[in-house]
Amino acid sequence: MAGASVKVAVRVRPFNARETSQDAKCVVSMQGNTTSIINPKQSKDAPKSFTFDYSYWSHTSVEDPQFASQQQVYRDIGEEMLLHAFEGYNVCIFAYGQTGAGKSYTMMGRQEPGQQGIVPQLCEDLFSRVNVNQSAQLSYSVEVSYMEIYCERVRDLLNPKSRGSLRVREHPILGPYVQDLSKLAVTSYADIADLMDCGNKARTVAATNMNETSSRSHAVFTIVFTQRSHDQLTGLDSEKVSKISLVDLAGSERADSSGARGMRLKEGANINKSLTTLGKVISALADLQSKKRKSDFIPYRDSVLTWLLKENLGGNSRTAMIAALSPADINYEETLSTLRYADRTKQIRCNAVINEDPNARLIRELQEEVARLRDLLMAQGLSASALGGLKVEEGSPGGVLPPASSPPAPASPSSPPPHNGELEPSFSPSAEPQIGPEEAMERLQETEKIIAELNETWEEKLRKTEALRMEREALLAEMGVAVREDGGTVGVFSPKKTPHLVNLNEDPLMSECLLYHIKDGVTRVGQVDVDIKLTGQFIREQHCLFRSIPQPDGEVMVTLEPCEGAETYVNGKLVTEPLVLKSGNRIVMGKNHVFRFNHPEQARLERERGVPPPPGPPSEPVDWNFAQKELLEQQGIDIKLEMEKRLQDLENQYRKEKEEADLLLEQQRLYADSDSGEDSDKRSCEESWRLISSLREQLPPTTVQNIVKRCGLPSSGKRRAPRRVYQIPQRRRLQGKDPRWATMADLKMQAVKEICYEVALADFRHGRAEIEALAALKMRELCRTYGKPEGPGDAWRAVARDVWDTVGEEEGCGGGGGGSEEGARGAEVEDLRAHIDKLTGILQEVKLQNSSKDRELQALRDRMLRMERVIPLTQDLEDDNDESGLVTWAPPEGPEAVEETVPNDHSPAVRPTSPPLSSWERVSRLMEEDPAFRRGRLRWLKQEQLRLQGLQGAGGRGGGLRRPPARFVPPHDCKLRFPFKSNPQHRESWPGMGSGEAPAPQPPEEVTVPPAPPNRRPPSPRRPHRSRRNSLDGGSRSRGGGSTQPEPQHLRPQKHNGYPQQPQPSPAQRPGPRYPPYTTPPRMRRQRSAPDLKESGAAV
């Protein structure tokens, strides 16, 4: 039996009164073991299918041949689990589903014949088999315990002395257990039924007094079943101990539909914690089965429920789960979530072993070996007389026992039985860490308690059980709860004549569980010195009294008289004066105690008289919901308005917290060391996750989406730049943990946060396929960033599931993770489609980015061409010089003549051999190294351009021809040089930038010398190629003669490949000038030197 999977069954219930009143439609269908569900908002889509071990159709009546009754559910699940218990295995059955889905009905049932649940039927069948199989060599003992887990606190329901929360501990051999939990001995099914009823009463009283809800607490009913057998041949006694755990989990309830607030929100948070932790444990165990590595951490201790169920979930147990479903379309989301939960559970495998003594195990193995050898010898033709005197006994397994003369040696006590399918490590005192005296004393006391319980005899356990029963009855009698005449408290019996009160509770299991008699005369209700004792909020010491007075005709009239200041309501109306009660009236005392008044004799007399029933309760049942609705209607409170008010309060709270988060993010952005976009997005993501997760604990995903859409997400005020596809991902800093020690669980949590943030930024427009694609990509990116192995292939599914549970998904895009082949194929197609869509989006984004880059490059080329047309060139360019990539300016005549070679942007400059550092290189170095020099040169260049623009305008007005510039095509793969490294404002300030394309330059046929302006010297015809002078042209070091002699060889222009060019004719030998001569402005000739008075004397 080792390594068996968890058995999973689903059961759909009929419509309840609320669903019938809303004309709900059934969206669940079953065919064999396959369960399908249809999205009511997307009815054209294919249904989502799930396959389980059992699918029970209980939506219709008994007349339907497909109807699954309580007996059928027990035959399929209960009998199999009981058989495993007799074999010596631990057994667990737990029910899961939303509130009102039928969990308690499946587990507990009702008192009517044929309506009993799994727990009563299993207990009754247990004692039936015990009575049949009991003999002198085989004896049985049964002990039970009943506890409740509410708000992470454990409460003992069978011990009236247990007031506070019990402590959960874990023993290295016994496993998790509840300290001081009472285990009571029982001898019949009646005893078990008595204890179950007492536990339910205690649960009801505590829940009503403390304003708790039973559906918000987990109930665990445990049966310890021991089988003792005596072997007459060996004289050894052996035991097999089975623990049967029957769990009724709390239902999931939506805060918006219940109007939960205050304490209810805290309860919901704790229930969400337990159920969420249970889901995480189930997911981790399911992932554990799909890979070889077995060292993953299972978060059992995150909640009390999972800690106590540690052995039942993936441990030493045979486990079955029953998922209760609602068929209504208004509960589609909860039903689909339950189906996915159950589908995940069926992947868990438990390693169950038989819990027996080592001696019994050894004897059983030897008997099986002897039987095998005997069959082998018999198959070879040997007779029974030749088998060595082996004796056959009917009751032994295999029918063979070893000879009595040689009994097997007992097993060594140093080898304990297996635990969870593996051998327990030996605990030596030297290996244990050093502990303090207080912890040592605590361990000693706990060990002594365990030893005392193990050594306690059966008679002592029975006496203890009887003492606790007497204490419970005394406590109930003190509270005014009615008991039977024989002292038993099994069920709720209705007196035939006596008027009485029956409690009503939100949980159907706890409703009509307590009965209070109204005796003749006066019956007082309150907290102190009363006949019916009630506690809780708004219950006064003397709250009210019931006066029972017989009438002359034999009828007993009961009058309710409230005390001053006590809140007492009858049929929803506040009572301040004495009021005669009628049978069926609803009475509310305080805020939590709800009763229904029953008067059997009065009802019988009215039926005999033919009195028509009063227009009180309608056809719907008179239960707790009806009483609460009636109370609110009578007080003028609209439930829908209250729900809207509650939602508005939550929205205002979210808005306030968002404003605080915005202020905090803004401060962090202003004062933090790093102000990069990654850090800003990271802080916004953390704050958004904090607000969304806190809001999700109180509201469903759809309501969370609406609130976030209206209010927005926290932001630091910094514009969020879109992330490029080719952007290198930066390492994220995990909150509160060193990234080197990040685990896979931390990466999953980080992925959930970031995906929820992205989905919220996109206004929750992501569907299921998109969320799955994001989860897969995010997990792969995080694993690669932190150097972690990607682990199992379906790790992203857990991330996607957490995202669905937190922010939901777009309507119509949800899909089921069903177990059928069609569902799996559909999920695969959706995955491929999502992957293709993602790749298409990536390619489109890359294309857009490349197009933008091309547009930027084209704009730069056009801008450089426009600048080229504006800036005049003073050098005559020839075709050969253009091919060489150099521009040579002809020196002017005179002592200040200079010749320098200036490189263009096509090729690097040719450095002369002498002097060692040219003026161009010196200027370039200063521009790169000296910021002050760079600013001054840029400022000077702008001034010169403005002056040159003014001179050109004056020359144009004088009728002169403007020299067309040479065409210069900037390189595509070369870094821009000065002056294009200046700021954009400087480039836009140059003249001609805003104009359109200038016409291509055409060389004129004749050269026209522009007339000289007044008071200026006309240009000399002997110097048509004079260059512009400035203060950085080398000064006197570069002055040469005024003759136009040929250039030295080392100063001649070179080609890119190093080959020299052919000698070019001088300007004087050319047939005509290529461009018109250029006149140098007088004020631009010298900057730092004194003016040349000799040359300028004529002009002056």
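Placement of Cβ uses the backbone N, Cα and C atoms for every residue, glycine included.
Range 894-917 is the one annotated as region 'Disordered', of 30-53, 222-245, 894-917 (source: Swiss-Prot). Looking at 287-331, 512-556, 557-601, 827-871, the stretch flagged in Swiss-Prot as coiled coil turns out to be 827-871.
Of the candidate ranges 83-105, 175-197, 359-381, 750-772, Swiss-Prot annotates residues 359-381 with the feature coiled coil. S676 is the residue among S165, S257, S676, S684 that Swiss-Prot describes as phosphoserine. Here the candidates are S162, S217, S1089, and Swiss-Prot annotates S1089 as phosphoserine. According to Swiss-Prot, of the residues R1022, R1039, R1039 is the one noted as omega-N-methylarginine. The number of other CB atoms found within 10 A of the CB of Q98 (ATP binding site), across every protein chain shown, is 21. Of all Cβ atoms in the shown protein chains, 23 besides its own fall within 10 Å of the Cβ of S104 (ATP binding site). Comparing the binding-site residues G97, G100, G102 by how many other C-beta atoms lie within 10 angstroms of each C-beta, the top residue is G97.
Cβ neighbour density within 10 Å is lowest for T99 among the binding-site residues T99, A101, K103.
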